[in-house]
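Below you'll find the structure, written out as structure tokens, and then a few comments.
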Amino acid sequence: MTLRFSDVHAVEILDSRARPTLAVTLTTAAGTRVRAGVPSGDSTGSREAVEVRDADPARFAGQGVTKAVGHVNGEIAEALLGRDFGSAADVDAALVELDGTPGKSRLGANAITGVSLAAARAQAATGGMDLWESLSAVAGTAPRLPVPHFNVVNGGAHAANALDFQEFMLAPLGAPSLADAVRAGAEVYGRLQARLAAAGHATGLGDEGGFAPGLDSPEEVLTLLVEAITDAGYTAGRDGIAIALDPAASEFWHEDHYVVAGDHLSSDQLIDRYQQIVERFPVWSIEDGLAEGDRDGWVRLTARLGDRIQLMGDDIFVTDPAIITEAIDRGIGNSALIKVNQIGTVTETLEAMRICRNAGYAQMVSHRSGETEDAFIADLAVGTGAGQIKSGTPARGERVAKYNRLMDIADEQARPLPFGIG
Ligand SMILES: C=C(OP(=O)(O)O)C(=O)O
Ligand SMILES: [Mg+2]
């Protein structure tokens with residue numbers, strides 16, 4: 001296969017938070033056009049690859065991406081046009097080399113992510129494959145439909161309420177198929193809205209489209225979730241619908257203690273609190289239960305709860321192959337959240353996933369809190385056989401685009417793809 005581009009073009013568009021981001025269009029020499037939208041996080045890990053933003057206060061309050069757009073249309077286009085690449089991985093390698101910084105801060109992780117996502121699509125199109133099929137071939141992985149994790153209550157950096165934990169997700173682990181899992185998420189979402197309204201709580205939404213009630217106690221939210229699951233006729237638990245949390249604890253870590261609903265907690269006190277939560281509620285997964293800077297706490301958390309539940313690293317791993325390798329050696333967590341723009345290229349993302357697979361670490365492919373309508377992560381999750389995906393609420397376009405893409409993939413197969421964690 002040869003990848004040759006006749007046009008490389010980026011434009012400033014909006015993400016779901018009314019902030020600017022990039023869309024990148026690549027045109028191959030054969031005339032095929034592919035496009036990718038770039039997501040953007042808010043509760044970011046300190047070692048994530050670095051976005052380039054304009055810092056011009058007169059445009060988008062200093063958040064514009066015209067500089068990053070200029071890097072794609074200028075330096076990156078110049079480096080890619082008229083050159084033959086053997087694969088999208090070769091394009092990624094050229095991008096990394098051209099940038100020349102460890103954090104992709106010169107050209108911008110946002111610029112590089114957009115080109116990398118589009119290059120993966122160009123390779124699939126050139127090979128006459130669906131994106132998920134092409135990614136599966138590149139990664140050498142068996143495709144599988146992932147269990148969707150629906151974030152239905154938002155707090156932390158994603159909502160203006162007093163809730164310290166950032167995400168409360170429905171995980172239909174017991175669903176027999178992807179379509180049943182999506183239906184379960186949607187049905188419980190409706191029941192939760194009714195429960196919240198009946199209890200006099202606000203049903204306004206956070207950044208990922210989950211409800212943002214004026215509650216501060218995680219246990220109170222969990223009680224409402226279990227009630228909503230039961231109201232919708234499902235079993236709360238791993239045989240039916242379980243719950244996954246992303247407290248995003250780096251956001252409520254204050255140098256040497258955590259603050260949850262006004263309580264000041266040491267690492268060990270927060271670990272105790274998680275243990276009580278796991279004993280009382282059907283919580284099967286906790287992402288970023290402790291802060292990225294609290295690595296000793298992470299080791300103790302993993303020793304205490306790692307054989308009972310999934311302990312997933314997001315801020316602490318940032319989809320970085322080297323950081324994940326070191327964390328695995330130290331016994332930190334047992335699973336990794338996967339976000340392409342944390343590391344900046346699809347190739348490095350696939351490498352992070354390979355390292356996890358080899359170490360027996362589970363993986364969940366993830367959206368960002370600022371999203372576009374691009375559903376790349378649905379194909380990435382299926383192609384790599386990751387087993388899990390999170391894309392926020394089942395009730396907002398940019399999130400639903402990913403669930404709908406999964407349902408299309410499931411529907412299009414003559415021979416059904418396996419569904420579930422595997
Ligand atoms: C999706 C998340 O949020 P953000 O994109 O703001 O990092 C997360 O923390 O998992
Ligand atoms: Mg997270």
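Using N, Cα and C of the backbone, Cβ positions are placed for all residues, glycine too.
Of the residues proposed, Asp231, Asp239, Asp246, Asp374, the one TrEMBL records at the same Mg(2+) site as Glu287, Asp314 is Asp246. Of the residues Lys104, Lys390, TrEMBL puts just one in the substrate site with His158, Glu167, Glu287, Asp314, Ser366, His367, Arg368, Ser369: Lys390. Close contacts with ligand 2, defined as a Cβ under 6 Å from any of its atoms, occur at Glu287, Asp314 among the recorded positions His158, Glu208, Glu287, Asp314, Lys339.
Looking only at the binding-site residues His158, Asp246, Glu287, Asp314, the one with its C-alpha closest to Glu208 (active site, proton donor) is His158.
Taking the Cα atom of each, Glu287 (substrate binding site) and Ser369 ((2R)-2-phosphoglycerate binding site) are about 15 angstrom apart. According to its DSSP assignment, His158 (substrate binding site) is helical. Calculated from their C-alpha atoms, the gap between Ser366 (substrate binding site) and Lys339 (active site, proton acceptor) amounts to 5 Å. Other than Asp246, Glu287, Asp314, the residues of this chain whose Cβ falls within 8 Å of the Cβ centroid of the Mg(2+) site are, in sequence order, Gln166, Glu167, Leu245, Pro247, Ala248, Ile286, Asp288, Met312, Gly313, Asp315, Leu337, Ser366. The residues near the (2R)-2-phosphoglycerate site, meaning same-chain residues not in Gln166, Lys339, Arg368, Ser369, Lys390 whose C-beta sits within 8 angstroms of the mean position of the site's C-beta atoms, are Gly41, Ser43, Glu167, Glu208, Asp246, Asp314, Leu337, Ser366, His367, Gly392, in sequence order.
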